[in-house]
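Taken from TrEMBL, the feature active site, proton acceptor applies to E93. Summarising the annotation, TrEMBL assigns domain 'Radical SAM core' to 99-337. Per TrEMBL, the feature [4Fe-4S] cluster binding site maps to C113, C117, C120. Positions annotated as S-adenosyl-L-methionine binding site by TrEMBL: G167, E168, S199, S221, L222, H223, N299. Taken from TrEMBL, the feature active site, S-methylcysteine intermediate covers C342. The region 'Disordered' annotation in TrEMBL covers 366-393.
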Amino acid sequence: MMDAVNLLGFDLQGLAAYCEQLGEKRFRATQLFRWIHQKGAADFAQMSDLAKSLRDKLAGRAHITALPVISEHVSADGTIKWLFDVGQGNAVEAVYIPEDDRATLCISSQAGCAVGCRFCSTGHQGFSRNLETWEIIAQLWYAEHSLRQRLNTDERVISNVVMMGMGEPLQNYGALVPALRMMLDDHGYGLSRRRVTVSTSGVVPMIDRLRDDAPVALAVSLHAPNDPLRDQLVPLNRKYPIAELLDSCNRYLERAPRDFITFEYCMLDEVNDTPELARELIALLKGKVSCKINLIPFNPFPASGLKRSSNERVKAFADLLIQAGIITTVRKTRGDDIDAACGQLAGEVQDRTRVHLRMVRAPVVVQRGAASPSTPREGAAPASTANPPGPRP
Ligand code: SF4
């Protein structure tokens, strides 16, 4: 089994090429793919419509192996959080969120994350490595088929997948796209493009590539209406500022399965939740990008130095957006009792990049009203007027 290949890593095209290498017809791959992803089979002996000769060949050369589960926590509201072992001291999380009309699985794309968003628990842990395709899809494979068993059903359980767990999916593009294709494949999970969402902090060139390779629903972590503030909350903004990001969103919409982009906006007390910033957000987006805004209650953790906006402030912010005609939702927090809410996925990460050391712990500087950038764009000469982090006004 040392050099045996894990078939969870192949999309249908890859599996067909693999079957050809074994001297088999390409159509055998479709049968095999269905057994793996639609029926959850992990044992070639179960695959009764495959020729015995093929099953024997596969048994010596390949395997179908899930990620080891370190822990499972079930919330009072039905949310389930799994911690998967991805080796070398790293672990990633996936969360199942059942609702009346859908069941969503939130999965991870990296062990840790190198982007280092200020409000994100994963970002504070640093980055270890990209997950491979099989490690991404194994989270869905395990969740789907273990849930079918416990719910005693042959019907599909998971109706939606969101790439919003640990990691920036577009910084692991090569592994992400085959995994997305498996989710969309009618012989695999058969999810429509509207029901698979990639959430990104704004890796502009990869948004353009995703549009061509696997245009699924797109969510963008915005969190601020101007560059000075977003530079501090989402450091990737220094490389791809808001104007470039919004241009790429508009290009994406030409092929997107939905006619809007979802902008995620984590509500941080007295940092990005003021009426002035709501108005700035309206001016930024209204009539410029077809969008919906999802306001996310912040889940505080000690190292962030940030606080959750009160319900009143969230409501006031949302009301301004709604009055301006922007579709706005406030995310319900789920799985609070098992730390499964957005931004709380912590896993375990052997930080190889020391991102956590580079993250500035000082308070976020809030500039009232529109302002010129306080931090230089990546690659630009440092401006002498750049504002270092300092006390919040
Ligand atoms: S919010 Fe997303 S991109 Fe930002 S640090 Fe967390 S996992 Fe990375």
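Backbone N, Cα and C atoms are what each Cβ position is placed from, and that goes for glycine too.
TrEMBL: automatically predicted annotations, no manual curation.
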DSSP three-state assignment (helix, strand or coil) for C117 ([4Fe-4S] cluster binding site): coil
Closest of E93, C113, C117, C120 to L222 (S-adenosyl-L-methionine binding site), Cα positions, recorded positions only: C117
Rounded Cα separation (Å) that holds between C113 ([4Fe-4S] cluster binding site) and G167 (S-adenosyl-L-methionine binding site): 5
Nearest recorded site to C120 ([4Fe-4S] cluster binding site) by CA-CA distance, among binding-site residues S199, S221, N299: N299
Where S199 (S-adenosyl-L-methionine binding site) sits in the secondary structure, as DSSP reduces it to three classes: strand
Contacting recorded positions for ligand 1, chosen from E93, C113, L222, H223, N299 when the Cβ sits under 6 angstroms of any of its atoms: C113
Which of C113, C117, the listed binding-site residues, has fewest other Cβ atoms within 10 Å: C117
Rounded to the nearest Å - Cα separation of H223 (S-adenosyl-L-methionine binding site) and E93 (active site, proton acceptor): 23
Max CA-CA distance, Å, over listed S-adenosyl-L-methionine-binding residues G167, E168, S199, S221, L222, H223, N299: 19
